[in-house]
Structures are given as structure tokens and as C-alpha cells.
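S.K.: One structure follows; several queries about it will come next.
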């Protein structure tokens, strides 16, 4: 019987499952190397942790690792129901809150090694977390994609730690009771982007679609479709970072000015940015809550030991 120790949290409604122990040791000098080792040689552990019968499509996993840089608190590898994620904003906030719950870190600044580079997070005395994300930028403005059943859809392509297609004009109500229509539109758009060869830099696949609408209590409300056809319950940290990059590129948000981003559930992140050459450095503040501590058991006699 194999055992995997976990602690679960949610950030603005979006869950994170932090794996503390039980996964195989991963070789590699960088977090990208370790992610590749997990993906290529031990992917069944991701499936066992996140897929049914132990998990669900909406779960995001975070594997706690020893850091690869001397001044980092830890390393982390993010993954979901279909594969691996370079960076995860809500997951980093959940990671920090979970480590604090376990007594492993105190309020203050902490560096985290990720597969796309180091990020910094500040745990505040009130329990909120400010993430200093990887540099973000808009790659392409007003790209057009033909989406079957919806016609021409216009959006910006931006990097915020993952690749996003950001759509302001879509004709849909961005409300929780309209998730089915939002999901169908977003998935169709994501598929059309791939089929028509519309990508991020260096041919990178755009694996997130972000839709926007007005919100009475925030600067904007979004709906984010993630890889694996699961929508983000939070305002999405990397998605908010991509939005900040587009706002900065359009001259609509000044350096240091706050942007309040609401998600589909009504939860909110507060963001701002600093300029770094051709990029911006996003800062995202949110809060996570611990929901469970558990030991997952993997019985190799179980036909669904490694997920369904």
C-alpha cells in the first residue's frame, strides 16, 4: 500500500492539492528538469492524486519539492487533470497558506522555485498573500480566430505564467448560472486556436481562454477556461497577470495602480504591476483557506489505483 500525504486548500474557490510526501524522488538540476522527470517517468502519480476516484477535474495539484536555488523556501511543480502547468497563481497562494498552516513558514517574504522561474510571495500578518509573479507581456493584440458557430472572435494573446487568449467582446453573460454556455464557447475557441495554428511565442500552445465583463464591485469580472476543460473558480492569478500586461500595453493602467479582478464566483484578486523593460512584473494579492489534511492510499490491487 503506497501513501501520499496531502493538504488541500482553496483560493477564491479554486482548489489546490499540495503533495507533501509520497511521490518518487525526481532527478534534475532545475525545476523544469524535475517537472519533465515527473511527466516522462512518473506521471501515474499525478493521475492517482488528481483523477477520480480520489480527485476531480477541477483540482490543481502542487508537488512540494526541495528548492534548486539556495535562497528559496521550496520548489513546486503544478499539474492538473490533463498534464502540467508552468505556473499557477492561485496554487502559489494556496501553497504559501498551506506551508504556514503546517508551521513551515512565518509571515514575510518567501522565494519559490517553479519550472518557469522563481517567484516571490509575501505572507501578510492577516493571512493574505501577495504573489510577485514571473514577468508578463502581451504577445499579440487583437488576434482573430474563426470559431464554428460563433464567427470571428477577437482577442489578445498574452503570457502571465501560462498562455492566454483574452476576449472582451463575446456576447455572453459572465455569471455562474451561465457556466455551460461560457464553457462551450471557451472550449470551442481554444480548439479553433489550435486548429488554425494561432499560438503564443515560439509556437507555444494557448491553453487558457479568458472572457471579461463588467462587475459592479470590481474593475472587471472574468471567466477562465483552463486546460482539461475545467473552469477556474478564482479570478486566476496568471490570467490576472496576463490582463495586467494587456492593460499596461494599451496604456489603460498606470504602473503601481491597483486593478481589482473578480472571478466567476465573485471572489477577487487585487493586482498591480511594475515595468521591467519590455515586460511587466505582476503583483497579485489573494487569500487561501485550508480545507483538509489527508493521506491518500494507493492499493495496486485496486483497478483504479492510478486514476480513471
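Each Cβ is built from the backbone N, Cα and C atoms, and glycine gets one as well.
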S.K.: Quick check on the annotation: Swiss-Prot has 89, 90, 232, 237, 238 binding substrate, so which of 124, 208, 272 does it put in that site too?
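M.R.: Same substrate site in Swiss-Prot: 208.
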S.K.: May I ask for the distance between residue 208 (substrate binding site) and residue 236 (active site, proton donor), taken between their Cα atoms and rounded to an integer number of Å?
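M.R.: Between the Cα atoms of residue 208 (substrate binding site) and residue 236 (active site, proton donor), the distance comes to 10 Å.
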S.K.: Count the other Cβ atoms sitting within 10 Å of the Cβ of residue 238 (substrate binding site), across every protein chain shown.
M.R.: 34
S.K.: Report the largest Cα to Cα distance, in Å and rounded to a whole number, among the residues 89, 90, 208, 232, 237, 238 that the record lists as binding substrate.
M.R.: 15
S.K.: I'd like the Cβ neighbour count for residue 90 (substrate binding site), meaning other Cβ atoms within 10 Å of its Cβ, all protein chains included.
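M.R.: Result for residue 90 (substrate binding site): 33 other Cβ atoms within 10 Å.
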